[in-house]
Amino acid sequence: MAADINYQDGPDFSRRDESPAEDEPIRSPSSSRQSEYERIGGRTGSSFFQTLIHLLKGNIGTGLLGLPLAVKNAGLLVGPLSLLAMGIVAVHCMNLLVKCAHHLSAKMGKPFLSYGDAVEYGMENVSWLRRHSLWGRRVVNLFLNITQLGFCCVYFVFLSDNVKQVVETANGTTVNCHNNETAVTVPSFDSRIYMLFFLPFIIVLVFIRNLKYLAPLSFVANISMCVSLVLIYYYCLTNIPYPINLPLAGRGVDYPLFFGTAIFAFEGIGVVLPLENKMQNPRKFTMVLYLGMGIVTTLYITLGTIGYIGFGEHIRGSITLNLPLCWLYQTVKLLYSFGIYITYALQFYVSAEILIPPAVARCGPRWALIVDLSIRVALVVLTYHSTFSTAATS
């Protein structure tokens, strides 16, 4: 069974200095540096479409639903313009990151680079930073683990809170989305019980180690979230008040709130290099990046603007909380929750790539499977415990 394991479905971080795998093309010494980077995913890597799906999935999460409130804090004009500027900067930084990885991988003779590799080798090329290069790797990996596992903690909260709301209002939920004032909330279990309910399902999900096998689930999750967003757009567009009397610019003191929410929405930068490293043809990743982030940025701007216009000053932290309490829009919460459930695995994947391969390399092939699964379970339990503890003190 251990022989069938394909850690990270491409590059093995624990074997950096070994020769290329058998399915990698053999290149002549005269090959260009760009062609030397052709490799890693090979026949087992993700296709163009699969990589695009993962990129969309990694960027469309819980932060999207909070953008209408973010636009409220920035203003009807300043908010969308700021989101556009942030989108351009994010895409530029992502593309710059990939180009640096390409350049350094060719220069150092490596078939691939992780985030830590890119920082370490980059610092080694600067004389006064060379002796601190190892710490550069460690700091970047630490921050990546904090951010990615932090996203996973938020997903636990989102799943438990949304399912809890649906259950508690099920007794009063109607099919009439225009007049739903008779709904009565029936208290159910504490949200922490719902977190405990989701725990085994999330553990099973993160056992999928190959992005190629995760792609079908990501595709279904994208469809469910797309249906949810279409329904949200429909309600907002059909309930726009006239005239629109909203401030074009918010208060300066509220702009940091906008910035924090918007930065959280751009949560996919941590998956850029892992996705690029697992692509069958990494040369096409730039096209995937521009197409995917163009869709994401357009979605951010339009939902943030339309959601704020639709609900005005009454917009809440998540736009789903403003939707009518009828079964059609309760379904929106459930569909979006399924999408977030799948997104957990993609955000988790980044931390798994950093932590698991070195541990597996030290234990040997006999214990590889046990160590791999144990670390995955421990990381999921860590995110659950952190969220559970926070909920207990709130």
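Cβ atoms are placed via backbone N, Cα and C, with glycine included.
Keep in mind the model is a prediction, meaning the values are calculated, not measured.
In TrEMBL this protein carries:
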- 45-384: domain 'Amino acid transporter transmembrane' (DOMAIN)
- 1-39: region 'Disordered' (REGION)
- 74-98: transmembrane segment (TRANSMEM)
- 139-158: transmembrane segment (TRANSMEM)
- 191-208: transmembrane segment (TRANSMEM)
- 215-235: transmembrane segment (TRANSMEM)
- 255-275: transmembrane segment (TRANSMEM)
- 287-311: transmembrane segment (TRANSMEM)
- 334-355: transmembrane segment (TRANSMEM)
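Within its own chain, the transmembrane segment (139-158) is flanked in space by residues 61-62, 115-116, 119, 191, 195, 198, 202, 267, 270, 337, 340-341, 343-344, 347-348, 350-351, 354-355, 379-380, 382-384, 386-387, 390-391, which lie at least six positions past its ends and keep a Cβ under 8 Å from the stretch. Within the same chain, residues 8, 46, 51, 54-55, 58-59, 61, 63-64, 66-67, 69-71, 73-74, 78-79, 82-83, 86-87, 90, 93-94, 97-98, 101, 113-115, 118, 144, 147-148, 151, 211, 285, 288-289, 296, 300, 346-347, 349-350, 353 sit at least 6 positions outside the transmembrane segment (255-275) and bring their C-beta atoms closer than 8 Å to a C-beta of that stretch.
Sequence-distant neighbours of the transmembrane segment (287-311) (same chain, 6+ residues past either end, Cβ-Cβ under 8 Å): 48, 51-52, 55-56, 59-60, 64, 67-72, 76, 79-80, 83-84, 87-88, 90-91, 94-95, 98, 229, 232-233, 235-237, 239-241, 244, 246, 262, 265, 268, 272, 275, 279, 319, 322.
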